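According to TrEMBL, the protein has these features:
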REPEAT    28-62  repeat 'PPR'
REPEAT    98-132  repeat 'PPR'
REPEAT    203-233  repeat 'PPR'
REPEAT    237-271  repeat 'PPR'
REPEAT    272-306  repeat 'PPR'
REPEAT    307-341  repeat 'PPR'
REPEAT    342-376  repeat 'PPR'
REPEAT    377-411  repeat 'PPR'
REPEAT    447-481  repeat 'PPR'
REPEAT    516-550  repeat 'PPR'
REPEAT    551-585  repeat 'PPR'
REPEAT    586-620  repeat 'PPR'
Amino acid sequence: MGTLVEMKQFEKVLALVAETMELGFRLDTFMYGKAVQAAVKSGDLKKGTELFESMKSCGVRPNVFLFNVLIGGLCKERRIRDAEKVFDEMCKWNLAANKVTYNTLIDGYCKVGEVDAAFGLRDRMRKESVEPSVVTFNTLLSALCKAKRMGEAQILLQEMKEYGFQQDGFTVSILLDGMSKSGDGAGALELYETAISDGVRINNYTSSILLNGLCKEGRVEKAEEVLSKLESRLAPDEAVYNNIVNGYCLVGDMDRAILTLERMERIGLRPNSITFNCLIHKFCEMQKMNEAEKWIENMVKKGVAPTVETYNTLIDGYGQACVFDRCFELLDEMETKGLKPNVVSYGSLINRFCKQGKILEAEIVLRDMLGKGVLANTQIYNMLIDGSCLAGKLNDALRFFDEMSRSEIPFTLVTFNSLINGLCKKGKLTEAEDLLQEITNHGISPDAITYNCFISGYANAGKRQKCLEVYETMKKSGIRPTVSTYHPLINVCSKEGVEIVEKLFNEMSQMNLVPDRVVYNAIIFSLVEAGLVERAFRLHDEMKARGILPDKMTYNSLILGCLREGKLAEVNNLVVDMKARGIALKADTYSILIKGYCELKDFGGAYSWYREMYDNDLLPNVGMRNELASGLREQGKEEEAQILCSELSIKGVDDPNPSEDLPYQHVIC
């Protein structure tokens, strides 16, 4: 039986066991162990468990090997809680767990992301005087690197060396992957060079990890240097060169990407679908669809068949360009060539339609997809729900949400956030609150986006107190506000006075959040409204010092403040600065200038701004025309008043019913 298991003849082992049992022979621990092992290795964990229970009911004592097999099978299926139960049962049998037991369970914890539990088991391993192996350390190192806990990984590596284990190629691969994904390309390169100098055997797989990391950081030239050194020690394969091709594509150097492909061919390597897909993907991203199609042709000429991924890339490219007819042609072409479109194929189209607000078209694609036996997933429904909300079609969004529920497709926080955002934008805040409760019922925790939606919704409804309550709840829940949290919050609070706005601004600083232009503009306006113009200018200087350039709204607020204080020289300086920055004055700025000068009784100055406004094909409203004309006449500037009224009358700026505009009814144009 042992030989049959080694030969992977699992069905024969199980058949032999069944036959032996039918003949009335009693199986011993060894035979049960091999039978359970055969069942687990064939993927039939249920059968393995049944044999294990049968063994116990027959009074045959299990051994450590048998428990290890079951724990391994459960961990492979990520059933870590069941694996724990088997481990506990093993202890009840007074069987001492060995190195394999611990390593298997540690790997199981790491697979499901329970890294701290894995380390807890490692500590128990020590207490039981079971020595760790290279496998123990590599498993834990891999988990730490995947979690980007590189500081702890370095400490564990040092501990590994203290146990007398030297890092091997596999260890180096794990660390290189972790460093690359953490953005530490320099550290990865140093580790790679140290490993080579220490005599660690480096293969193409390990080198590919480093090259991939360097290329993703845009350091393709450095990757080329590594490849050059690599060529002197071993023969790089297609995977190694694919990293370089992809690297050049990432930085947009398509000429060198193509040259690298040609270099591969010269040294006898055959570019594969991954190589071509890199080029096609980048050309689609650059919206050079003719080039992408050309490389499909080149791919076929070189005997490489386009894959589902190739077509998905093209569909997404044409979708981005809104050439939807070609997208549908590609779906048909895939089926003609025996390639079955997958959820990504249809998802690209659905996503593009949703972003265009074409929810009906997106749903047609969904129905076609389902009709062809391709199951929709959470991401597909999230696209549809979010797209419907953005298009203002809340009923459609709720219908898709119900469809998800009926199809037992799991919701994510993205699902709920999209719906909450849609409800809040429509002012349906009670329904949004009900949905927030449903989030909790699904065991999902709200995030900053969830709270931001509520704050924005309450702000639009003018409910300042509710905004502040949500903001406080957010902080108490340990969720860090974002800059976007403060946009609606400061805006709604600015109507209540500058004190609360400054308090919020100070809290932003305490959280190390850098205010953006929207926040600065809101606070500058609030300060101006409170008559604190000097402080508004100080904030304006701070804004520029941080590299945030003022925009039209910034200048409008400052101009308004200066006009209220009668500082006309500063007003002119602001306008000059505004124009120097390339910000064109629009009707709102001119209106502020004209109204401000009128309030200062400087009707001549107001008329000068009107002239500039008119010359730029912009017009004041009827009320402003009347106020300016009246003021000009009061100061004896009859000619200017007549020109003003005549020009605006020709342009159609007339008061159709002067009696309704009481403050200006004495003005006759």
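The first residue you see is number 1, and the count goes up from there.
Each Cβ is built from the backbone N, Cα and C atoms, and glycine gets one as well.
Taking Cβ pairs closer than 8 Å, the repeat 'PPR' (203-233) reaches residues 169, 172-173, 176-177, 179-181, 183, 185, 188-189, 192, 239-241, 243-244, 246-248, 250-251, 253, 256 in its own chain, all 6 or more past its ends. Counting residue by residue with DSSP, the repeat 'PPR' (307-341) contains 26 helix, 0 strand, 9 coil. Mean pLDDT of the predicted structure over the repeat 'PPR' (203-233): 86. In the repeat 'PPR' (237-271), helix, strand and coil residues by DSSP number 26 helix, 0 strand, 9 coil. Only residues 6 or more beyond the boundaries of the repeat 'PPR' (377-411), in the same chain, are considered here, and those with a CB under 8 A from a CB of the stretch are 343, 346-347, 350-351, 353-355, 357, 359, 362-363, 366, 369, 418-419, 421-423, 425-426, 428, 442, 444. Helix, strand and coil counts under DSSP for the repeat 'PPR' (98-132) come to 26 helix, 0 strand, 9 coil.
DSSP labels the residues of the repeat 'PPR' (516-550) in these numbers: 26 helix, 0 strand, 9 coil.
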